[in-house]
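Engineer: Right, I'll just put the structure down here and ask away after.
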Amino acid sequence: MKITALLVLKCAPEASDPVILSNASDVSHFGYFQRSSVKEFVVFVGRTVASRTPPSQRQSVQHEEYKVHAYNRNGLCAVGFMDDHYPVRSAFSLLNQVLDEYQKSFGESWRSAKEDSNQPWPYLTEALNKFQDPAEADKLLKIQRELDETKIILHKTIDSVLARGEKLDSLVEKSSDLSMASQMFYKQAKKTNSCCTIL
């Protein structure tokens, strides 16, 4: 999963082209001679997708092996270039955080921007690096991943207990937690299952 670029743009309905307010990209996985062309292409596609994203809307556009996600919050638009495997919910969560941070840092000054800004915004570069892992952008995904890891550990623990030479049958017989009826049910179910396996 890879984020190639993040852009923040002013998308005014009366303007012909969106104005780039901030831009961060990581094109290190491209060949050295391709990098400048890739950056130009990111700006072109980002501007095009942003201009076609209506206010208060989100959209995703497939382009080759990339998805371009855009979120236009009343004229302030965030665009992200991610690979196909980056979860959509995490992508939009990241774009939402980028817009929140931009408005905290710059307020409404973006409304008066008339031309592209070349001034770097450190937060956007940090976000590009930090959110390469989608779980950082999406807290629910992070919690789900932790639960999955816990479940894997639990399965390993049960398997290791049974792998020490103890059999489930002997554990059932020794258990004081199970009533005689439960023990009989277990033995009967095991006989029934073994009967079916032979057939």
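Yeah, the Cβs are placed from backbone N, Cα and C, and that goes for glycine too.
Feature list, courtesy of Swiss-Prot:
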- 7-133: domain 'Longin' (DOMAIN)
- 139-199: domain 'v-SNARE coiled-coil homology' (DOMAIN)
- CYS195: S-palmitoyl cysteine (LIPID)
- CYS196: cysteine methyl ester (MOD_RES)
- CYS196: S-geranylgeranyl cysteine (LIPID)
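Neighbours and distances for these, please.
Structural biologist: Remark: secondary structure over the domain 'Longin' (7-133) totals 52 helix, 34 strand, 41 coil, with classes taken from DSSP.
Regional average pLDDT for the domain 'v-SNARE coiled-coil homology' (139-199) in the model is 61.
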